[in-house]
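Let me begin by presenting the structure, written as structure tokens, before commenting on it.
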Amino acid sequence: MPKYRILVVEDEAIVARDICKRLEELGYQVAATADNGESALAQAREQKPDLVLMDIVIKGKHDGIYVANIIKNEMGIPLIYLTAYADDATVERAKVAEPFGYIIKPFNDRDLNVTIQMALYRNRMEKKLADREERYRDLFENTSDIIMLLDEKGCFKYVNQRWHHALGYGPEEIGSLNIFDVLDQGCLDKCRLSFARVLSGQEVLVEAVFRTKNGKAIMVKGNCNSSQAPGKPTWVRGIFRDVTEKKRSQQLQEAMYQIANETALSSNLNDLYRSLHNILGRLLDTTNFYIAIYDNNTERLSFPYFVDEYDPAPQSRPMGSGITEYLIRSKKPLLATPEVYQKLMDSGQVRMVGKAPLDWLGVPLLVSDRYSGALVVQTYDQGIRFGEREKEILTFISEQVAFAIHRKQSEEELRGREEQYRTLVDQLPAVTFRLALDRENSTTFISRQTEQILGFTSREWMDDPKLWIKQVHSDDRTKCSEGLKKVATGNGPVQQEYRMHTKDGKLIWAYEHLEQIKDGEGNSLFIQGVMLDITDRKQAEEALRMSEERYRTLVEQISDVIFLLDPSGIVQYISPAVERMTQFTVKEITGQPFSRFIHPDDLPDLTKVFQNRLQGPGDPYECRLIDKNGGVVFVRSASRPLSEGGGDPLGLIGSLTDITQAKQMAGQLQQAQKMEAIGQLAGGIAHDFNNLLAGIIGQAEMLQIKLINQPSLAALAEKILTTGEHAASLTKQLLTFARKGNYQQVPVNLHRIVAEVAGILGNTVNKNINVRQALSANPCTVLGDPAVLENAILNLCLNARDAMAEGGNLTITTQVAELDESYVKNHSYKIPVGRYIKISVSDTGQGMSREIQSHIFEPFFTTKEQGKGTGLGLASVYGCVKAHNGSIEVYSEEGHGSTFNIYLPLAELGPEKNGEAAKQPAQKGTGNILLVDDEQTIRDITSQMLGDQGYTVIMLANGQEAVNYYREHFREIDLVILDMIMPLMNGHDAFLKMKEINPGIKALLSSGYSMEEEAQDLMKSGVRDFLQKPYRLAELTQKINQALATEV
């Protein structure tokens, strides 16, 4: 048996050693031990044990259940809980980590071993099951077949990746779809009958047409069956194969039929050439198409049919060094890309005649001994390129085209020369035949190709009038018989496709053209027919259709916009994704200059970029578009020129990627970081300033006490105190902005706050300013400091007043706002999703520029005249809102006023508190006080103040000195006053060490900051109260006496 490695997590050392000893005696290896959550996680990650024994209650920030969850989710290690607690609540919490067992302390060795063995066995079995399931899932997901699982109503319960890829629906859409939702209307009834047969227990072969999410038709073929068991739901399984590709060849075969048909029907060569052009245009781009014929007798090259965007039809000429002559001489198909064309010119084999094409594709036409020629298509457009597929198509039909031309050229000769006609027919890749206009339409002539294509000799066909209809596929016989009857009765010609069995049983696709032939007087003579084997063409047409559909789907479905511009900047093509990006339709943009949609500020630079890109590719660039609604869309564009054979550029092709959200998020992050940095600076200034004020106010207050009998001098001291307190209010605003202020957390009715602000405004604003209220929020209660919130709203209203020197409307509104994920994600200050009260303060004043808006919340920034503003009003509003876990936004346009929107989290309605403490005079007292502060002035003045009130003060300059002193004298110390921020050791660490010395310590904290999170933690740990610098003697003595009077 393998020696399994076990991690023991137990915070009782004796118990841990006992467990380890038992495990080793039972044959297990102890991988490691841990007595807290952090150590357990570290050991699990490092040792990777086979199993974890986890005590539910352990030391540290997290209990064993929390740590077990991380081990289970991150590392997948099985675990067993060790616990002395077996109550239901603990067990329910523990289940979340899916333990492999529980052991209740105390336990014996047998219980321990059995539980461990069962857990290890279960873990092994679960891993084997997971591996097996993964193999089956991999097979299911990666097969090329389309697989689906349906319930008895036809609803999709599961499909594989091939299904998603073929039909275009995402996993999240499956639950709302039914099999009949994705079937083409034309096969619904047949498929409903097949579905009913499957539900009855039959296995059914199904042929159907699916419709993809974007409407494309997919032809499928496959089997369906069902699983049925008593008491269990019925499931329908379907496995299908996509057979759409097989239909691709139809277009190619159809062209062959049509060429054969037009060969028979065209009255002259010009009509045939036009027909050939139209037929080929259904297979590939024939915008530029021509046929060239070389006459061996005259040794001249002519162009009987020539269509081109740029060049006129050439005149007849002797064979020269043009690329058409090169093709005819080589007697091989040629795809001349720009590189191939240039190579031929460089070698002197070809010279350029007319405008240079981008791609030139030609195949030789072997019309007859006398005539040869070329069938040519060419393109000047970078968006239309030819490849091997087009070369194969043109090569495939070239014989048929050559035959058609030859037939027309030789038609007069063939009329009088039946034997020559038959000889020529035998060379064609088709079966040519004649049928009599008798009752059985018996065969009077059939070409020898019948033996090669169908396996029957000409004699067999003529001896058995019914042989043809017997070889036609049974499903196609009616159609074929009706077509023949139609021609025989003079209602033709008829072209038809059908399936036919060859002599050896092979099934082929045939194209047939039937036409009744008459003499010069209109008398019916016979039925002329041509039959082609189009099996390969059917397959090629299906392949072609699938390929075209894939490329079209790719361009139309990608999120980036693909565009094509001509050299003058006119949009020639743009993909449908532009409608999502700009709301303009493709039709509205196509044919327009691109500059119409560019932001005016970006247009000069972008015009230069456009000209540079026409000369060659370059790095991606960014610019702004204007959407249909006038909004701005930031995009990144990459583009390159379209050129042909090194000539002038034909235009520019490129893509656009929407980066608007990324731009917005980057700007918001930069603003938030800037405000955070300014806040830290402001908080540090306020802290240092408060320390200075503490000394000034303390000494002024002592001076006032000493001069109580000299009123004129005492009044001067009072003025110093008043000035100091005003300075303290200034630092309070800085702390508010820095979010280091000390706030109450009480329920506040914001409508009452707004009413009080409106009352103040009634006495302070000019009569030409109309103050309006629209308070619709219900509920309207938040948790916060009423005085601070009132000051913030009043600050906004006073700013609005100052912005309307000529009068206007000042409006205060409230409403409840539900902020969802999309809103808070794009908000400048991150706040949680939830319900908020929105307070808006709007004015109709002069408004602000974007530059001013970017700085308005910064401390000391003001647009007012010198002496009329401190620049702290909006900074303190910003700090207040952030301290209340809210957000503030400003919307303003120059000349159209401004609106400030504050979002504060809604709270449950509760009683309000004003938080104002009644002022009391300084109190006398006795006791030994240890005063610890790194500022000499504060130590001196505080010591003197307390000494005058009856206290004995011991002064020290840092936390380390204080701890050392307290260790020796703590029995003599009644109270410790600790500054929070000091060198060597701060107030926080000093208090904790003093509490270790004396758990009953009585202490006050003091700081130039207001009470922060660290100070609040110490209050919970036993600190009696907090002193905000600068403090007055009355406040100091009151808190000292309260602390001394409090029992431990």
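Heads up, the Cβ atoms here are built off N, Cα and C, so glycines get one too.
Copied over from TrEMBL:
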type	residues	note
DOMAIN	5-120	domain 'Response regulatory'
DOMAIN	132-174	domain 'PAS'
DOMAIN	417-491	domain 'PAS'
DOMAIN	494-546	domain 'PAC'
DOMAIN	547-617	domain 'PAS'
DOMAIN	619-671	domain 'PAC'
DOMAIN	684-908	domain 'Histidine kinase'
DOMAIN	928-1044	domain 'Response regulatory'
MOD_RES	Asp55	4-aspartylphosphate
MOD_RES	Asp979	4-aspartylphosphate
Counted with DSSP (H/G/I as helix, E/B as strand, rest coil), the domain 'PAC' (619-671) has 12 helix, 25 strand, 16 coil
What is the interatomic distance between the Cα atoms of Asp55 (4-aspartylphosphate) and Asp979 (4-aspartylphosphate), given in whole Å?
41
Mean per-residue pLDDT in the domain 'PAS' (547-617) works out to 86
For the domain 'PAC' (494-546), DSSP counts of helix, strand and coil?
12 helix, 30 strand, 11 coil
Residue counts in helix (H, G, I), strand (E, B) and coil for the domain 'PAS' (417-491), per DSSP?
40 helix, 10 strand, 25 coil
So what sits near Asp979 (4-aspartylphosphate) in its own chain, CB-to-CB under 8 Å and at least six residues off in sequence?
Val932, Asp933, Asp934, Glu935, Ile938, Gly987, Ser1006, Ser1007
